[in-house]
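Listed features, source TrEMBL:
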TRANSMEM  20-40  transmembrane segment
TRANSMEM  60-83  transmembrane segment
TRANSMEM  95-119  transmembrane segment
TRANSMEM  131-149  transmembrane segment
Amino acid sequence: MSFLAKIEEGVEAGLRRFGVAVLQLTLGLVYVWFGWLKLVDASPIIPVIRVAFREMPYPFFPYLLGSWEIVIGAGLLLPFLPLPRRIETAIVRIALLLLFLQLCGTFAAAILAPAAFFSPTLPYLTVVGEFLMKNLVFAAAGLVIAGHLRTPDDTFRRFED
């Protein structure tokens, strides 16, 4: 095996070992950050929330969404602490369930207030619409994390293994 092939093999092994953990860590941090922005009324998406969900009480509803997002982020970050494997996996599963429910709400907003997401000249998106498309990546990340909750030998995975 050539020197470059050995380097490539080592890099690929590192990516396989740490890739999902890095994905989970960054997704957790993003959710905590976005949730916090809603709690301090600094999120650029709050005006869209107010239009799409007119019937929901303001400022309670953005605070609820922000808290929900922080819980998702914390659930994705907690497994980086030394927890029993069954607890770790249960926490991540709950966080992923909340994440997918939150994403359903996000896509519902696009149905309830399409002008905020789509430009009159389709297929162009508004800035908020681009924000919505980013959630497709979040959904894919959630699927990858969910698919790696157990190792091939059916034991719960740990990041330090």
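For all residues, glycine too, the Cβ spot is worked out from N, Cα and C.
Residues 20, 23-24, 27, 30, 45, 76, 89, 92-93, 96, 99-100, 103, 106-107, 109-110, 117, 125, 156-157 of the same chain sit 6 or more residues outside the transmembrane segment (131-149) yet have a Cβ under 8 Å from a Cβ within it. For the transmembrane segment (95-119), the list of distant contacts is 28, 31, 48-49, 51-53, 65, 68-69, 71-76, 125-126, 128-129, 132, 135, 138-139, 142, 145-146: same-chain residues at least six beyond its ends, Cβ to Cβ under 8 Å.
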